[in-house]
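According to TrEMBL, the protein carries these features:
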- 6-23: transmembrane segment (TRANSMEM)
- 35-56: transmembrane segment (TRANSMEM)
- 91-112: transmembrane segment (TRANSMEM)
- 124-144: transmembrane segment (TRANSMEM)
- 150-173: transmembrane segment (TRANSMEM)
- 194-220: transmembrane segment (TRANSMEM)
- 232-250: transmembrane segment (TRANSMEM)
- 262-280: transmembrane segment (TRANSMEM)
- 318-336: transmembrane segment (TRANSMEM)
- 384-405: transmembrane segment (TRANSMEM)
- 425-444: transmembrane segment (TRANSMEM)
Amino acid sequence: SFRGWVIMASCLCGSAPCLLCGCCPSSNNSTVTRLVFSFFLLLGTMVSVIMILPGMETQLRKIPGFCQGGTTIPGIENQVNCDVIVGYKSVYRMCFAMTCFFFLFCAIMIGVRSSKDPRAAVQNGFWFFKFLILIGITVGAFFIPDGTFHNVWFYFGVVGSFMFILIQLILLIDFAHSWNKVWVENAENSDNKCWFAGLLSFTVLHYALAITAVVLFYIYYTTPDDCTEHKVFISLNLIFCVIISIVSILPKIQEMQPHSGLLQASIISLYTMYVTWSAMTNNPNRKCNPSLLSLVANVSSTQTPGDSSPGVVQWWDAQGIVGLVIFLFCTLYASIRSSSNTQVNRLMQTEEGKGSSGEAVVGEDGIRRAMDDEEDSVTYSYSFFHFHLCLASLYIMMTLTNWYQPDTSTQSMQSSMPAVWVKMASSWLGLGLFLWTLIAPAIFPDRDFN
């Protein structure tokens, strides 16, 4: 009907984000906008995953008249270079487009303080035009000549992913603090000991998984006469995890932060072990980096780096899948989070959660719109949120390509030690940030860290 088209046009082209209001009966501008932008990121991620699926290029070449060098139709010249639209090259270009898209909005939204700023209308609406912009940048990215593009963009991906891993850790710290606080308050208010039992169970589970990971690392990712770096990485991170666990339950820390505890330390310890594992899987020395398939099949991988086939690339492995799962969780959490943790809010450039203060607005035209909760001040930094999604795009690029470095001379992908050191450095810096959130209130008692 005409009314339906009017509503759709208002949602896609107007300044009010009503796309999700039907599903979110008491939604806020700030939440709906972040969810839609996150959907753009997830949509680009899905396209990248499809493009890198094994056998995709072979299937495309079967389409008559499509791929250069593929099945032909008499009188029609195959125009599409399928080497570019599938494989790691397509992932690099797709993520390049998403990075440019979010960086554009990051620059535009610098300094927005409230929804009264005209740029806030651009942030919270005009989704159809934003989608067109993203498509336009994506199409343009696929016309970038090969040259040194992939090699240069690899280093952009390494730096951006390093920063995003830190943001992931900050979000996990915030999630752990919020989880612990809510369950402790529920236990104290209801006198129901099941909440404490739940906290204890999850804490023990996280530590059990972390300890199991350490044992498996020593067994499968080290050898008696080699893999010195791995031995150092595992041992250092094990020591650091023990340190943050002890510090989190010190009387002085508990006095300053009553909701601090082992649950947070256990989550960070488990995540640190994941990053350690992820780093070791990028070691080009196959003697220290057996594939998961060989571990499951109990096959010993003893070939040296020079014996491996440089053209054979394993896109899908366990650490990459786990990385995607953590990425999806952190992206969703960043979109809906409403935290009261002051330190984390300062790091993430957000305000203390105010919650939902009413129902969605229904205008005179009958169109359901999200409630504007940012008339006085924004609840999150628009610019930093887009910067976060910009880094997330680079992280997705590196995760989907297993952090392999393009080799322009052989047109193949290789594991590289820089990726190993970047991941390890991010784990150490992340542990340092978590330690700081614990000890800062004790070191500076006059400051407000509540």
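Even glycines carry a Cβ here, placed using N, Cα and C.
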Spatial neighbours of the transmembrane segment (425-444) far in sequence, C-beta under 8 Å, 6+ residues away: 162, 165-166, 169-170, 173, 236-237, 240-241, 243-244, 247-248, 252-253, 256-257, 260, 264-265, 268, 271-272, 275-276, 279, 343-344, 347
Stretch with greatest number of CB pairs under 8 Å, the transmembrane segment (124-144) reference, 91-112, 150-173, 384-405 candidates: 91-112
For the transmembrane segment (232-250), sequence-distant contacts whose Cβ falls under 8 Å of one of its Cβ atoms, 6 or more beyond its ends: 210, 214, 217-218, 221-222, 260-262, 264-266, 268-269, 272-273, 276, 279-280, 424, 427-428, 431, 434-435, 438-439
Positions on the same chain near the transmembrane segment (384-405), where near means CB under 8 A and six or more residues out: 34, 37-38, 41, 44-45, 48-49, 52, 88, 91-92, 94-96, 98-99, 102-103, 105-106, 109, 151, 153-154, 156-161, 163-165, 167, 281-282, 313-315, 317, 320, 323-324, 327, 331, 334, 348-349, 413-416, 418-419, 423
